[in-house]
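Trainee: Have a look at this one before I ask anything.
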Amino acid sequence: MKNRTNNFIISLFIAIGVIPFAAAFVYALLYSFGIIGIANDGFTTAFWSAVWSSGTFFQSFLYSFSIALVSITLSVGGALWATLKFRKQLEQKFLSFILYLPLAVPGIVTGFFTFQLFSKSGFFSRIGYQMGWISQPSQFPDLVNDVFAFGIVLSFVTMIMPFFLLLFLNVYKNERVEELSVLAQALGANAKQVTQRIFLPILIKKTWVIIVLYFIFLLGAYEVPLILGQESPQMLSVLIIQEIKQYDLDRISEGYVIAVMYTLIVSVAAILLFLPRRKPAYET
């Protein structure tokens, strides 16, 4: 009975997750080489050459990578700091409930909310005007659709930092970090040593896979960069959709080239992430 259940779950996963993904990837791959498509005449590498020579993909990938790295660093760092400093307060029922609220807000809502707060015609701009700090909306700093992606990073941190905070609190409790810290202090360790040798290693080691997965998720995020991003460079997902929806039919194939390249990078990263690692042998 147990084997039947396991086989059913595996079959369901393949039917829902693997087959649609594989079909979409094959379709994009064939389109990128001109094998299928309305204006395509057959196999060609011209679209791949155009993408490589333009450098748009690499510029967009570096831009997306930087935003995702900054966002995940701020989120994880902030969650670790809050867990270390305010763990007991955060375990209270009311604050614990508040932490769950951002997890229920969709990304597109977070993006619109950030835009309404920080745009030149937004809430804080109007407050600045009423307070006499600015004389016209154009004097308000560019905090959305800006080159430094302030709005995107802020939205990402707002979305995922509560998740990591709840995750770290749970790991802290399950791994009995409190007891280990007390034991280390009894043996003569100071607060800094406890943090560096016990607190950080345990929490990061237990959650690093989730951290990397969230980094990959942010790398391909769409709704928030669409609302808060600039025209150029764009994050990868926005660039791909923009290229695929072009009226120029050649640009559609180039959009699929970018999609295939991005999919290959993410797939390789996921394989390396979940690849079984050989445990080191210890001499006795």
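The backbone N, Cα and C atoms fix where each Cβ goes, and this holds for glycine too.
Heads up, TrEMBL stuff is auto-annotated, nobody curated it.
Below, the features straight out of TrEMBL:
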{"type": "TRANSMEM", "residues": "12-40", "note": "transmembrane segment"}
{"type": "DOMAIN", "residues": "57-273", "note": "domain 'ABC transmembrane type-1'"}
{"type": "TRANSMEM", "residues": "60-82", "note": "transmembrane segment"}
{"type": "TRANSMEM", "residues": "94-118", "note": "transmembrane segment"}
{"type": "TRANSMEM", "residues": "147-169", "note": "transmembrane segment"}
{"type": "TRANSMEM", "residues": "207-228", "note": "transmembrane segment"}
{"type": "TRANSMEM", "residues": "255-275", "note": "transmembrane segment"}
Trainee: Please work out whether the transmembrane segment (94-118) lies in contact with the transmembrane segment (207-228), by counting C-beta pairs under 8 angstroms that are 6 or more apart in sequence and asking whether there are at least 3.
Mentor: yes
Trainee: Cβ under 8 Å to the transmembrane segment (255-275), counting only same-chain residues 6 or more beyond its ends: which ones?
Mentor: 25, 28-29, 31-32, 47-48, 50-51, 56-57, 60-61, 209, 212-213, 216, 219-220, 236, 239-244, 246
Trainee: I'd like to know if the transmembrane segment (12-40) touches the transmembrane segment (60-82) in this structure, counting it as a touch only when three or more C-beta pairs sit under 8 Å and are separated by 6 or more positions.
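Mentor: Judged by the Cβ rule, the two regions do not touch, with the required three close pairs absent.
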